[in-house]
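*Asks:* Quick one: the structure is below, questions incoming.
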Amino acid sequence: MILRRRGIVLSFHSNMVTVEDEETGERLLCKLRGKFRLQNLKIYVGDRVEYTPDGTGSGVIENVLHRKNLLVKPHVANVDQAILVVTVKMPETSTYIIDKFLVLTEKNELETVLVINKMDIYDEEDLEKVKELERIYSKLYPIVKTSAKTGMGIEELKKYLKGKISTMAGLSGVGKSSLLNAINPGLKLRVSEVSQKLQRGRHTTTSAQLLRFDFGGYVVDTPGFANLEIGDIEPEELKYYFKEFNEKQCFFSDCNHIDEPECGVKEAVENGEIAESRYENYVKMFHELLGRGKS
């Protein structure tokens, strides 16, 4: 009798699933048991599964084990943390994009590391932009400054990645694949050139896949994003995902920090305790979500 084993889903190939055995590290191409189709059961990259090996390097997935979380875009299960890779040019990542991403990671209760990449190409003006990002975010999230070309920050970033399942995201062209190759050269990911006209890279990743680091841990390399959807968040819920807002006392317990009097958040913005860009981006998102409700 062949005993069931446990593994983790790395990627999909048509109707087949690549599974890595959690004990041996062996990779098998597995089919799904018929009940998945009959019961419309879903399976995602990052899922921990029970499977039955057939002894020839293949197997059949029997069950999906309990998920601690499931990200929607991209669909990834059991993620421990998010790594947001940003650049201040070629392309420039706006604080609005950063804050939208952070709203999503806060909503999904993920630890987040902000990586400022391409440090080797920045002039004095660019370095001032880097300092501004540090001023805005360093008290809220860990920041690692990196260069895949010079190796700057690579060892520091490895410490955050070791032993965890991380999702890495960022605008196309910020250098995610180059960073991953610098962190773990054995990955040999394809790297794109950045278009000077659009200042965006060509997408080198077309679907989510789980990549294993030699030093332990996994990363989900996902397609670059240009638009982040926060449409399933209620306007009144948004404030909870700007975590520095939660420390402030307002006169009204249900204050949305927009037009209400005696608002602790607005006072903190005026006093310089909360970054103006964070508050402006919050207000913009709040009105976007309100407008969605009226359409």
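Start at 1 and count along the chain as shown; that gives each residue its number.
Backbone N, Cα and C atoms are what each Cβ position is placed from, and that goes for glycine too.
Taken from Swiss-Prot, the feature GTP binding site applies to N117, K118, M119, D120, G170, L171, S172, G173, V174, G175, K176, S177, S178, supported by sequence analysis. The Zn(2+) binding site annotation in Swiss-Prot covers C250, C255, H257, C263 and is backed by sequence analysis. For 68-228, the entry in Swiss-Prot reads domain 'CP-type G', with the evidence type sequence analysis.
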*Asks:* I'm trying to understand the geometry here, so how far is the Cα atom of C250 (Zn(2+) binding site) from the Cα atom of V174 (GTP binding site), in Å to the nearest whole number?
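*Replies:* On Cα coordinates alone, these residues lie 39 Å apart.
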*Asks:* Going by C-alpha positions, which of the binding-site residues (N117, M119, G170, S172, V174) is nearest C255 (Zn(2+) binding site)?
*Replies:* G170
*Asks:* Please state how far apart, in Å and to a whole number, the two most distant Cα atoms are among N117, K118, M119, D120, G170, L171, S172, G173, V174, G175, K176, S177, S178, the recorded GTP-binding residues.
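*Replies:* If we measure all Cα pairs in N117, K118, M119, D120, G170, L171, S172, G173, V174, G175, K176, S177, S178, the largest is 18 Å.
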*Asks:* Suppose the Zn(2+) site is C250, C255, H257, C263. Which further residues of the same chain have a Cβ inside 8 angstroms of that site's Cβ centroid?
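*Replies:* Leaving out the recorded residues gives K248, F251, F252, N256, I258, E260, E262, G264, V265, K266.
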*Asks:* Out of M119, V174, give me whichever of these binding-site residues has the highest number of other Cβ atoms within 10 Å.
*Replies:* V174
*Asks:* Would you identify which of the binding-site residues N117, S172, S178 has the most other C-beta atoms lying within 10 angstroms of its C-beta?
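*Replies:* Result for the most crowded candidate: N117.
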*Asks:* Pick from K176, H257: which of these binding-site residues has the biggest number of other Cβ atoms within 10 Å of its Cβ?
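*Replies:* The residue with the most neighbouring Cβ atoms within 10 Å is K176.
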*Asks:* Check the DSSP secondary structure of C255 (Zn(2+) binding site), expressed as helix, strand or coil.
*Replies:* coil
*Asks:* Enter the number of other CB atoms within 10 angstroms of the CB of G170 (GTP binding site).
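*Replies:* That number is 25.
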*Asks:* Restricting to the chain of C263 (Zn(2+) binding site) and a gap of 6 or more, list residues whose Cβ falls under 8 Å of its Cβ, or answer none.
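*Replies:* Result: C250, F251, C255, H257.
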*Asks:* So what's the average pLDDT for the domain 'CP-type G' (68-228)?
*Replies:* 86
